């Protein structure tokens, strides 16, 4: 027997539970196998799906519909299918190991790589928060004629009010988010009824890939970045820990299967909403109904973004702060650039900032996706009813395509920028050296994550033999959406 403290840099962290006692009000999944257990798993998928219908998605959808009509619908379809595979891996990681992705990273990597991954994850959270701030400001402007820059300031107050719901536990929050998702869906489906898009053009855009015209590739990357967000991988792997599942092979398989089904349902709703947004742009639509959906989207997505940031901070640094303070810090970092752009560039400038933020998310995705794939690519079966090797192979292929497209667009756009600039030759050479050096560092960082061999202890999975005494599920910090103070626990590390 040995004492272990759940603090940063502890190499025994991967095998030590975070808490000792479970909450008597936990979300308990019955041990008896039944289809009714599915309702116990409902919730995390819909919380995660908010990231796929946030204001960043709406802005890129609007741009896509306005410039290319239905030509980029296939990007939405591909991104949604990829998201389902990736999110299922994130959920399985939490279910089988009892720890979320950020905690695995802290247990696996040394201090410097761990710190850099945390910085990248925090940038992703802020980049995700910018569209939410601007989108909510746009909604307030459309509904009440409030100037965009004032709406940007008001978003911080509205979010803090909604975060007060965290004291009622995760189940109440899940019901609220589900209600907001249904509100968004209802608004756009009503719009879709009046816009009456051409079914043939919609189907052609969905199943015939095409990238025509200047800027189509960049917009496609923005659509991809707005759909598959890096912070969502950290969030999903943590939210599944709010359930106490039977720690047996059958129980783990059932949890993975039902989380996959639930994620599929939630992402299907998100997919239909995104298709509706693009179709409504081409037809006629009501600005008021759109504003209501945009307001619901902005408020719900900022709540999930706040908790994603909370889990990122706790997992990478073992640093726990109150959700309202976490939201205040993140929201300040998002409000400052949003406010500056809104004051200088107006609504048009704010819209462009959303596109830029979405592209940043796409470029940052590998730094969450590669660690996830490395942790789930071991030969140990993850408990899913689908062959884990097949899922990992498909996800590696998806991740490789995303990284390849990003690098190609980055290099080609930078070269085009240099060739079309009117700067002196010395300045072009200097900027070129800086730019290509940065790209080399970006590629090298991804290569390091891909080629580095994981330590065996960091990928330790809870098996049925040791799970009967495991106290890692349910997690009080996840279930109550409030991280506890650091505790010292004693456990058998042999």
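Keep in mind that glycine also has a Cβ here, set from the backbone N, Cα and C atoms.
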Candidate ranges 146-165, 466-485 [criterion: TrEMBL lists as transmembrane segment]: 146-165
Residues flagged as transmembrane segment in TrEMBL, choosing from 35-53, 54-72: 35-53
Whether the transmembrane segment (256-277) meets the transmembrane segment (328-347): three or more C-beta pairs under 8 angstroms: no
Two-stretch contact, the transmembrane segment (35-53) and the transmembrane segment (394-419), at least three Cβ pairs under 8 Å: no
Top Cβ-contact partner of the transmembrane segment (289-308) among 73-95, 115-140, 328-347, 394-419, 425-451 (pairs under 8 Å): 115-140
Spatial neighbours of the transmembrane segment (353-373) far in sequence, C-beta under 8 Å, 6+ residues away: 55-56, 59-60, 63, 86, 89-90, 93, 101, 104-105, 108, 117, 120-121, 123-124, 127-128, 130-131, 134-135, 218-219, 221-226, 228-231, 233-234, 237, 337-338, 341, 345, 392, 395-396, 399, 402-403, 406, 410, 442, 445-446, 449-450
Interface-richest range of 73-95, 115-140, 394-419, 425-451 toward the transmembrane segment (328-347), CB pairs under 8 Å: 115-140
